[in-house]
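Worksheet: the structure to be examined is printed underneath.
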Number of protein chains: 2
Amino acid sequence: MKGTVGELGEFGLIRELTSRLTTTAAVALGPGDDAAVVATPDRRVVASTDVLLEGNHFRRDWSTAYDVGRKAAAQNLADIAAMGAVPTALLLGLVVPPDLPATWPVELMDGLRDECQVAGAAVVGGDVVRGATITVAITALGNLGNREPVTRSGARPGDVVAVTGWLGWSAAGFAVLSRGFRSPRAFVEAHRRPEPPYHAGPAAADLGATAMTDVSDGLIADLGHIADASGVVIDLRSGDLDIPAQMRDIGHAVGVDPVRWVLTGGEDHAIVATFPSGTKLPARWKIIGEVRPPAGRPQVTVNGAPWEAAGGWEHFGDA
Amino acid sequence: MKGTVGELGEFGLIRELTSRLTTTAAVALGPGDDAAVVATPDRRVVASTDVLLEGNHFRRDWSTAYDVGRKAAAQNLADIAAMGAVPTALLLGLVVPPDLPATWPVELMDGLRDECQVAGAAVVGGDVVRGATITVAITALGNLGNREPVTRSGARPGDVVAVTGWLGWSAAGFAVLSRGFRSPRAFVEAHRRPEPPYHAGPAAADLGATAMTDVSDGLIADLGHIADASGVVIDLRSGDLDIPAQMRDIGHAVGVDPVRWVLTGGEDHAIVATFPSGTKLPARWKIIGEVRPPAGRPQVTVNGAPWEAAGGWEHFGDA
């Protein structure tokens, strides 16, 4: 495809984008009308919205449009999974500068579509407008399949804390890219294109998870939301965190303790949940800590003490 | 409230925004978790997304934050109604500059909440990020109540075309504001805060509407989508269009034929639908034309001839 978004025009671009989509049995009415219609077999829909901005959440020189699409979809679909639901649909609100090559939004849509397919969902609608900064606003929908939603507020003292998926890989990849390198490839790829364990969300709900979230802002920050909402202390055992040898090597090369990436790095969209003690967890879940009664304020501790470093990433912060 | 968005911080702002929300019986789980859960009694959800940008879709010197909230919600909730559904929920993706007064997003949220209440819906979730341009990305959800969705593709030759709500008022108000005036107030208000006839969407579905849409881009443009999707010609009778005396006065004052506002002005979110000939329509519906077999390409005509002026508003166009 040649030319810019402005040359293609709004309707031309929308035609091009929707022509690339696939559908699923859950999509009763897809793009092209005032609204889409999606099946919700258990009479409830799970819905979540996230916004990604160029420069803030992605860089075009570090990530292809396709990767941004994969990542934007993954981030939202992981929120659905973290409620114990199966993702079904995704809507895209897209802001594009008129001088942007038309291939960019087209490849973005390919990425959204493909990540949706990984999760069993489909892109069902959207809106495209002209503006200065590329902005990708995503809403994901999902189906609880008669499970009760697993919120952040159900963690109880005595529960174990377990995680599945990747932790710190995206942050390590970011550290590599920030220093101008493109390898080790596995970590750079993890930063460009997270692989949330979607299936683990509904599976955790079925296993009796008492609280659950995906790790988008960092393990300590996201567990902090569970600690706050549940009124508990969550204590992590750093020795139980999985730190691959290659991540240690990167840490050594760039002068960062890789434990920091695992504890505070976001964007991998691992799924972390609390379970009643004694729950038999499948091998892909790693127990990394436990829930304790609140001693003073709810918080997350590491080996019984507050983690000294910043606990997460606040988008408006100056840090 | 004092200070800027940056001073309040992401989590402070989100707390402030969510503290102002109201809920409905359909909201099983509201803001504050990874995702919201909304009831969908007939096992389907209707979903639509729109994006509004400062400078492109609203101006802070013309509209208060509250009005932008009302308008942004109205635009999306009208899309739900135009499928024949009752709006239930709304999600907000918001981009705000850090130096924006914190009152702005707070009043925006008040507007979103109040417009949702008019339509019977509630704000159930969202995301707030920092960026250069105020961007309001909305996803609205709705419930068809066992009605079949009324799409754009069902218009058949012989159907009548009927409209309910306001047409051209927002465009006339825009013309007034563009020339530096603040009155007549009714038209300026119509531009700042549209009043879509939400109830008319499900009612039209119950009356047997064959095709339906809300008028967001202009009557000719939006009926053009129905003509295209249905493969028909839609002929409007200009003499049947309701042009209030005061709109004629404004047209006279600014040198614009007010028929143009009624035919090409968007943003009032009137609801226009096609019905089988002979359908007994309530008094608030006005029959303004009829559906004809395609003579050549599908199109919208006025009194049997193409409307000479531009048919609508394409966001990427240079016009």
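Positions of Cβ are set from backbone N, Cα and C atoms, glycine also.
Note: TrEMBL annotation is automatic and uncurated.
Less than 8 angstroms from the CB of B:Ser48 (Mg(2+) 4 binding site) sit B:Asn76, B:Asp79, B:Ile80, B:Thr139, B:Ala140, each of them six or more residues away in the same chain. Annotated Mg(2+) 4 binding site per TrEMBL: B:Asp34, B:Ser48, B:Asp79, in sequence order.
For B:Asp34, B:Asp79, B:Asp214, the entry in TrEMBL reads Mg(2+) 3 binding site. In this chain, none of the residues that are 6 or more apart from B:Asp34 (Mg(2+) 4 binding site) has a CB less than 8 Å from its CB. In this structure, B:Asp34 (Mg(2+) 4 binding site) belongs to neither helix nor strand by DSSP; it is coil.
DSSP gives B:Asp50 (Mg(2+) 1 binding site) a strand state. Around the Cβ of B:Asp50 (Mg(2+) 1 binding site), a 10 Å sphere holds 23 further Cβ atoms from the protein chains shown. Summarising the annotation, TrEMBL assigns Mg(2+) 1 binding site to B:Thr49, B:Asp50, B:Asp127.
The Mg(2+) 2 binding site annotation in TrEMBL covers B:Asp50, B:Asp79.
In the three-state DSSP classification, B:His57 (substrate binding site) falls within coil. When other Cβ atoms within 10 Å of the Cβ of B:His57 (substrate binding site) are tallied across all protein chains shown, the result is 21. The substrate binding site annotation in TrEMBL covers B:His57, B:Glu267, B:Trp313.
Residues or ranges marked as ATP binding site by TrEMBL: B:Gly126, B:Asp127, B:Arg152, B:Ser216. DSSP assigns B:Asp127 (Mg(2+) 1 binding site) to a strand.
DSSP assigns B:Asp217 (Mg(2+) 5 binding site) to coil in the three-state reduction, placing it in neither a helix nor a strand. Using a 10 Å radius centred on the Cβ of B:Asp217 (Mg(2+) 5 binding site) and all shown protein chains, the other Cβ atoms total 21. What TrEMBL records for B:Asp217 is Mg(2+) 5 binding site.
Summarising the annotation, TrEMBL assigns domain 'PurM-like N-terminal' to B:32-142.
Per TrEMBL, domain 'PurM-like C-terminal' is recorded for B:156-242.
In this view, the densest Cβ surroundings among the binding-site residues B:Thr49, B:Ser216 belong to B:Thr49, judged by other Cβ atoms lying within 10 Å.
Closeness to chain A is evaluated for the binding-site residues B:Asp50, B:Gly126, B:Asp127, B:Asp217, B:Glu267 by Cβ distance, with values under 8 Å counted; counted residues in sequence order are B:Asp50, B:Gly126, B:Asp127. Among the binding-site residues listed here, namely B:His57, B:Arg152, B:Asp214, B:His57 has its C-alpha nearest to that of B:Asp127 (Mg(2+) 1 binding site). Put simply, B:Glu267 is the one of the binding-site residues B:Asp50, B:His57, B:Gly126, B:Glu267 whose Cα lies nearest to the Cα of B:Asp214 (Mg(2+) 3 binding site). Among the binding-site residues B:Thr49, B:Asp50, B:Arg152, not one has a Cα within 10 Å of the Cα of B:Glu267 (substrate binding site). Here the binding-site residues are B:Asp79, B:Asp127, B:Glu267, and the one with the most other Cβ atoms within 10 Å of its Cβ is B:Asp79. For B:Gly126 (ATP binding site), the nearest of the binding-site residues by C-alpha distance turns out to be B:Asp50; the candidates were B:Asp50, B:His57, B:Asp217.
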